[in-house]
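Worksheet: one structure, shown below.
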Amino acid sequence: MAKFQQMIASSPTPVLVDFFTQWCGPCHQLNRNMKATVIEPVMKDRVKFEKIDTEQHPAVADHFHIHKLPTLVLFKDGQAVDRVEGLMSAQDLQMYLLKLLK
């Protein structure tokens, strides 16, 4: 938990954390959509992308009250500022990020 908090606090850019599990089908689809969006030149320098497997890191999931998967949490300056639960299309994800990162 301390390592995770240090990572989000020390990041010079916002951090978008994808909370997932290996058995979650919608989580895998969101991951594909995330790669399609975050890797694009417009996003790669504006947001850092991290993944947290909630089964391997239950303390982190509990701390941030992750109860549905997938869940995306955006951190700015070490603080959670927004969250989205459920699957998002690549287009919706990009629009969501552009709105939050203005």
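Backbone N, Cα and C atoms are what each Cβ position is placed from, and that goes for glycine too.
Please treat TrEMBL annotations as automatic predictions, because they have not gone through curation.
Keep in mind that this is a model prediction, so the values were computed, not measured.
The annotation domain 'Thioredoxin' is assigned in TrEMBL to 1-102. The site 'Deprotonates C-terminal active site Cys' annotation in TrEMBL covers Asp18. The disulfide bond annotation in TrEMBL covers Cys24-Cys27. Among the features that TrEMBL reports, active site, nucleophile is placed at Cys24, Cys27. Residues annotated as site 'Contributes to redox potential value' in TrEMBL: Gly25, Pro26.
Helix, strand and coil content of the domain 'Thioredoxin' (1-102), in residues and according to DSSP, is 44 helix, 25 strand, 33 coil. Counting every protein chain shown, the Cβ of Cys27 (disulfide bond) has 20 other Cβ atoms within 10 Å. Of all the recorded sites listed (Gly25, Pro26), Gly25 has the fewest other CB atoms within 10 A of its CB. Straight-line distance linking the Cα atoms of Gly25 (site 'Contributes to redox potential value') and Asp18 (site 'Deprotonates C-terminal active site Cys'), rounded to a whole number, equals 14 Å. Within its own chain, Asp18 (site 'Deprotonates C-terminal active site Cys') has Cys27, Leu30, Asn31, Met34, Phe49, Glu50, Lys51, Ile52, Pro70, Thr71, Leu72 as residues 6 or more apart in sequence whose C-beta sits under 8 angstroms from its own. On its own chain, Cys24 (disulfide bond) has Leu69, Pro70 as residues at least 6 apart in sequence with a Cβ closer than 8 Å to its own Cβ.
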